[in-house]
Structure formats: structure tokens, C-alpha cells
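Heads up, the thing below is written out as C-alpha cells.
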Ligand SMILES: O=C(O)C1=C[C@@H](OP(=O)(O)O)[C@@H](O)[C@H](O)C1
Ligand SMILES: C=C(OP(=O)(O)O)C(=O)O
């Protein structure tokens, strides 16, 4: 289990004066997990810089070490991984504990599948609630045995890889980079071609990293919004240096804060602008946000830019369901922005939000209610009725349900509400954005953690 969470740490955000300055948010979480995993599967040393040292990623590092890779921290964000090669993992001695992390646990189930070893996966109370059948189903088709699992195929669970995996063509029932990546990572250990088809394209960091480490992978369009990814199994992965760009999902918090706190002007440096991650930026621009990309460049195979954002007058928009995979983690903070827009913002097709660290659709709705904002849920759609700048009232206490993004979103909201807004526990912010409080305060955000009234 994670070390935190036992004692909740409440915090209070107060209406702040204009936010000003530059900030570099930590490395991308998706790329960080994958850089450790691919480093562990390559033969030789992979050097990583800019790794996110959040709890989720540190758990992946520990699990890679337990499976036989040598993982060393050289300095801040600087890591070295000596990999054991595809098929070279050893059986771990203890349970692999992934804490709060869906990505780490699901990707590493795929990683383990290609080795004839058994491994037990576990996590905290939030992760134990999340669906794992979506990973077990394709892995079982490839020959993996589920030796033990909690009800509904949940954690804790024990997997055993077969002597010889069967390559498959898998059409994923949901657009999920975690499902796609688990099948492709398993496919590394299978002879022949493994194919994943997704009807809507999800983030492509695994495909990019497979190619970066020397695997043969092809990506073709599939239907209007989908992709077909095919991997040739059993490659020898060659170590390749990785520079992790700043995480757009973390950048979303100072970005929305700057939009809703009047007079703000903030520069967020080196943010990854991979088109499969920019749904929030597209949506906010449609809402009228003053967001400019400066110094656009390519770093470590990913497009990045400095993002300049100034407080803006926002207008509600309709966010199409097919945009969801490119902004799946950003809906809570978009809902916050929407309360400061004029008119309705309709966010369509949010069923996947129900199976994140919390039921995010409900947690966002309950948080908006605590802040006195107007919203309604229609099926899997969330509709927020904003009241323009100076929007919501604040005043309540938001339940975060072990969910870092709920905590950060509502702290951002409280920077612009009429009365302060409290969140019940900020300890899980350390899973993805450990420097959140310090960096937001540097910009001028008023967030208190001590002596928060009960
Ligand atoms: O592959 C990844 O790194 C991630 C994929 C997304 O999950 P799903 O694949 O479940 O949509 C996202 O929510 C998560 O934060 C990171
Ligand atoms: C959903 C998230 O992560 P994970 O699935 O890795 O727990 C997230 O970071 O918002």
C-alpha cells in the first residue's frame, strides 16, 4: 500500500491576485512509466532525463527492479536502467505494489505476460476498485493464466506467463492507451505479429517508444478516428536515451488557474504538444482562451512548446465525445474552467471517467455542488452552466476520493471563487505532481495546508 493516505491532508484555496511568472511542470507521467518499462526490456543501459519522480512512477521503477532490471537514480530526474531483454524478466520475490497507478499496473501486466513467471499485482484501495478484466481478457487470449484475482478480476491478482505466448489481433472495446499498451508489451514476447485496433486513437507513446527502441511497429488509420497498430514480436530492444517532456496533464492546472484568475499572465515551459494529448488546449481555445504556443520544437522525439496563457473571457462550448481520449484526464479541470465561462459547456461521452482513481464524473459533480456551481449529468455527459468571470461561490469542502486530479482541480477553482474552497485530502497529488503546491504558490496562488478549519 502507498505510504500516504492514512492521514488525510486538507487544504484551502483562496481568491488570489493575478498569477504571474514562468513554471516548468514535472515530466510526463505516461512517458515516464514507459521509459522505465522499455529500459527494463532493452539489453544494456538506457539513460532517462526529466523523469517524473511522482509516486506512481516510483512504483513502476520499484517493480522493474523487482523483475530483475537494475534501476538507479543518478540525480534529480536523471535515471539509469540496465535492462534484461524481452523475455528475460525474473520472478519477483514479493508482491508488486503499484499504489494508486492504473498505468503502471496495467502496462506491467502486459510486460510480465511474455515471461514464463508468476507475479502478483496489488495497489491501494482506489486501484483495487478499478477494472482489470479489460487487461486480463486479451492477455488470457494470448495464453496468460490468471492464478488468482479478487472479485471481478480486480487487484490483488496473480498472473503467470506461458512458455509460448500466442500473438493476437485485438479490437479494444474502449479507447484506452493502457489496454493497447498492455497488449503490445505482451506482443513483444510473442512470435509473429500482434495487432491492436482502436476505434478512436488513444495516446501513442508506446508506439513511439517501441520504434525508438528498435522494434518493428506500423500504425495505420482505422475508420474515421481509429488506428491499427501492428508489432513484430521478439525483437531485441536496443537502449535509447529518453528526455521526458513536461506533462500536459499537469500543465493543465496552472493553465486553467491563469485563465480564471483575473489579470494573470503565465508561461509554462517545454510542455509536450503531442496531438493525441491536446484536447484540452483545443477546447479552451474554442472557448476563447488566450493561449499561445511559443518556441515550438521537437525534444526527444516529441513536439513541445512553451505555452503562454493570459486570463480570458470564456464562452461555453460543446466538447465532442471523440475528443475524449486526447483529454481524458483533463475533464475535471475543464469542468472548473467551464464554471467561469458564460453559458453551457457540454462534455459528451465521459463513461471512462467513472473508472479512474475515483468515479470522476460523480466526484466532479459533487465538487461543483460544494462550490455552488450549476451542472447536470445526462447519461455519460456533464453539462456545466457557467456564470462568467467571478463565477462560482466556493465555500464548501470537496471530497477527493484518493484522486489527485480532483484535489488539484478544485484547489485551482478556489483561487477564483468568492469564498475559499476546501479540499479534504491533497496527499494523492504526490502521485503525479509532487511540486504542485510549491509551483502554484510561486505563481502567486493562495493555498493553505496548515490550520485549515475543520
Ligand atoms: O497510457 C497512459 O499512460 C494513460 C492512459 C489513460 O488511461 P486509459 O488508457 O485507461 O484511458 C490516462 O487516463 C492515464 O492517466 C494514462
Ligand atoms: C487516470 C490517471 O492515471 P492512472 O490510470 O495511471 O491511475 C490519471 O493520472 O489521471
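Any Cβ shown, glycine's included, is placed from N, Cα and C.
A TrEMBL annotation is a machine prediction, not a hand-curated record.
Site annotation (TrEMBL): phosphoenolpyruvate is bound by 29, 102, 130, 178, 360, and the candidate from 73, 208, 323, 405 recorded at this site is 405. Taking Cα separation as the measure, residue 29 (phosphoenolpyruvate binding site) is nearest to 329 of the binding-site residues 176, 329, 356. If you take the Cα of residue 178 (phosphoenolpyruvate binding site) and the Cα of residue 356 (3-phosphoshikimate binding site), they are about 12 angstrom apart, rounded to a whole number.
Working note on the binding-site residues 29, 34, 360, 405: by count of other C-beta atoms within 10 Å of each C-beta, 405 ranks first. When other Cβ atoms within 10 Å of the Cβ of residue 102 (phosphoenolpyruvate binding site) are tallied across all protein chains shown, the result is 21. Within 10 Å of the C-beta atom of residue 178 (phosphoenolpyruvate binding site) sit 24 other C-beta atoms, taking all shown protein chains into account.
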